[in-house]
Every structure is written in structure tokens, then in C-alpha cells.
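Right, one structure below, let's go through it.
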Amino acid sequence: MDQTPSYSPPSGTAVILAAGLGTRMKSTRPKVLHPIAGRSMLRHLIAACQPVFSHIVVVIGPDMDSVAREAAPHPTVVQQERLGTAHAALQAMALVQQGEVAILYGDNPLISTATLHTLVQRRRQGDAVLAMLAMRPPEPGRYGRVITEKYQTGDYVSRIVEYAEANEQERAVTLCNAGVFCADAASMAAWLGGVENANSKGEYYLGDIIPLAIAGGGHVAAVEAPYEELRGINSKVELAEAEATVQIVLRRKALENGVTMTAPETVFLSADTLLAPDVLVGPHVVFGPGVTVEEGAEIRAFSHLEGCHVGRHTLIGPYARLRPGSVLGAGAHVGNFVELKQATLGEGAKANHLTYLGDVEVGARANIGAGTITCNYDGVHKHRTEIGDDAFIGSDTALVAPVRIGRGAITGAGSVIVDDVPADALALARGRQVNKPERAAEIRRQLKGSV
């Protein structure tokens, strides 16, 4: 998950391995498409790579068209047989451009741009032919240990030892392999082509490029990065843990940028949520993907926003829902149990209670009464409603689209509006009230007499 500025100019290639089945997820969805903070793991990693690498290639498995669509416009290559990580990386080398190439895993979505930049810069120092990421997990037991040796020019990696094969001294090492490697493209292609599958699973492992790099007379440098960035996500438990980690980071970033949250631990943000300074967010608010909120807006408790823009000094909620395509002008009000979808509210417009506004444009300062509904769907097509500036929509009005309410027009409460209403007109579309004296008392007597 990237939290850093862009690095310029990007160069080289990032190869993302995304062909794994992810069986521990117990899901029909490909592992890299599971979301964290409203964004797939794959898109998190692509976003981190883009400021550093000019070219990105994603390796997918057979029948993974959904992953290819998620990767677009970046090219994909199919690993027809899942023969290991080195084999997967080798499939991509025909698409790799000159310069550095980094091999990454699609289930490591929290790597930051800063860490990737550090990895590339370490490789470019010239004393190491291969740079790799390493970490110190709180529970290192299942990870391969990074064994280093001292040389005249510094400490370099001598080998990776899997935990099952490590002796007591090696198991005591806390520096562990994160599985991310960076080298020049020509060397990487040669090493990948030289990896053998002489192991119990008969697979070609990416980590086996290390002895090949050393055998060629080169050094391998380890770049240590935070475990929270490099942890793999292989199960729903780990997915939930990653979500919690990311939410903490996003909340802190928002608070540091001047957002007020009365109960930040209950607020859920998306990776692309943009909240301006002096926005006030109440408890239990959810921001889905694609939300921007301008300064001074207040989002009250239990509101849900996605794909919308909220203008300055607006008031949202509590219990409001803003769906994709909704745009609120400055000073607009959207109150409790109001739902907006593809709706534009002009400056100062208000819809304060129990309302559905879909496929509608509401003018400035218009007032939408409680219980108003835009009837936008005829069973086949969606239709739009237009409400002019300063219009007043009476409570419990049904606006049957397509329909236009003119500037300054008023609709009577309980009306079903099927025709356009001219500017400054009063529209009444309901039966005339009839009062029948004593009829209620007569009805009660009849009912009681039937008991």
C-alpha cells in the first residue's frame, strides 16, 4: 500500500506473479482480486509499482480472464502449467524491457513505493548483481532464513535456508526472505533459465536464483523492510488482518491531514478516499471507492458513501446513503434515511428525511420533502428527473420520470407527478379530501356490534 510521493522518472519492469489458485482463501474468486480498503490486492501492488517502474507485466494462470481485466491496461502472460515461481517469472521475460526487473508476488499488496524505490536504488549501487527484500516477522518460524556473510565491502546474502532444513543456529536468525528480487533484465533471464526443479515438489523456485547469482561471482544484497509491508495474504484471516492494518494507516493519514473523526476506529476508508481538511466524520461511517469530500463537510454517523463527490460545508446523515454518480454542491443537506444514486444536488439544496433520489438533477436551494421518491425505472429503462432552482417538493411526492419541475415550482404533499410542472406553478395530483360527519363513530358502533 503506497503512502509516498511519486518517483520520477520511472524505468524498468515489474513482473507481478498472480497465477496462484489461492486455495486457502476457500473462494472461487482469484486470490489477487480479493479487496483491501476497496481495492483489489493486484491494484494495490500495481499502484505501488507505477511510480518506480515504467512497465508492468502480470503473470496469470489459465482461465483467469478476470485477473487480466483487472490488470488492464498492463499486459498479461499466461503460465499454462503451474510449475513454480521461477517458471512463472520466466514466462514474462519475453515482455520485459531493458533495465532493472523486479519480481513481486500478487499476494504481497502492502509493499510501498518507497520500499520498491529503495530496492531498485540498492541494485543500482553496483556492488550487488541481485537485490532482494528481507523482513523480521514477529513469528519467523515458517519463513526461509536469510544467511549473510561479511565481505570487505559489506554484508551480503550467502544463501536462503528453509526452516525445515535449518539447524539451530540458522533458525535463530530473524532476518527472513520476503521473496522479492531485483536485477538487470538480462541477468534475471539467465538465472531463471538456469533454475532446476530438483526438489520434492518438482517445481522451479524463484529463490534458487540466489546461488546462481553468487556462482557467477556476484554479490546478493538484502534490503530490510517492515514486515507489515511484506507479509503475504493467503487466507481470509490474513486478509482481515491486512484490512485492519491498512485502515489504521488510512485513518491516521486522514487525521494528520486535518480531518476530524469522533470515533476513528469505527470509520472505514477506501484506498482512494480523499477527505479535505476540516471534514468532520462521525462514528460508523463507510467510504467506498471513489469518494471525495471538500472542506467543512460533516458526515454524520452510520452513513455510507461510494463513487460520489461531496461539496464544501455539506451536511450528510445520519444514516444517509450516497451511491455512485452522486454530486453535492456546497451547503447541500442529505439527511437521515435518504438515498442518492446518479443524483446532482445544487448549492444549498436539501433532502432531509426518508427520500430516494435517483437519476435526478436538483437545482440550487430546492427543498425535497420527506418521503419523496423519484420513480426512475419503468421495468426496462431508467429515466431522469429535473428539479429547478428554488423548487419545493411536498412531502410524499412521487415524481414519475421522465419529468421536469420548473424553477420555483411547488408540488402538493402526497402528489403523484407525471407531467412537467412549469416554473412557479403549484402542482396538485391527489384526490380532494371529503369529510363525512359522524361516520367514524358509526363505523365503531358497527364494529363493536359485530363482536
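Along the chain as shown, residues are numbered 1 onward.
A Cβ is built for glycine as well, from the same backbone N, Cα and C atoms used for every other residue.
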Site co-member for acetyl-CoA according to Swiss-Prot, given Ala370, Asn376, Tyr377, Ser395, Arg430, out of Ala349, Ala351, Ala413:
Ala413
For the binding-site residues Asn234, Asn376, work out the Cβ neighbour count at 10 Å and name the residue with the minimum.
Asn234
Using the alpha carbons only, what distance in Å do you get between Glu162 (UDP-N-acetyl-alpha-D-glucosamine binding site) and Ala370 (acetyl-CoA binding site) once rounded?
65
How does the region 'Linker' (237-257) divide up by DSSP, counting helix, then strand, then coil residues?
20 helix, 0 strand, 1 coil
Between C-alpha atoms, which of these binding-site residues comes nearest to Asn234 (Mg(2+) binding site): Gly84, Gly106, Asn367, Ala370, Arg430?
Gly106
Binding-site residues compared (Asp107, Glu162) - highest count of Cβ atoms within 10 Å:
Asp107
So which recorded positions out of Gly20, His353, Asn376 end up within 10 angstroms of Asp107 (Mg(2+) binding site), measuring C-alpha to C-alpha?
Gly20
What recorded positions among Gly84, Gly106, Arg323, His353 are found with a C-alpha within 10 angstroms of that of Ala413 (acetyl-CoA binding site)?
none
Measuring Cα to Cα, how far is Gly20 (UDP-N-acetyl-alpha-D-glucosamine binding site) from Ala370 (acetyl-CoA binding site) in Å?
52
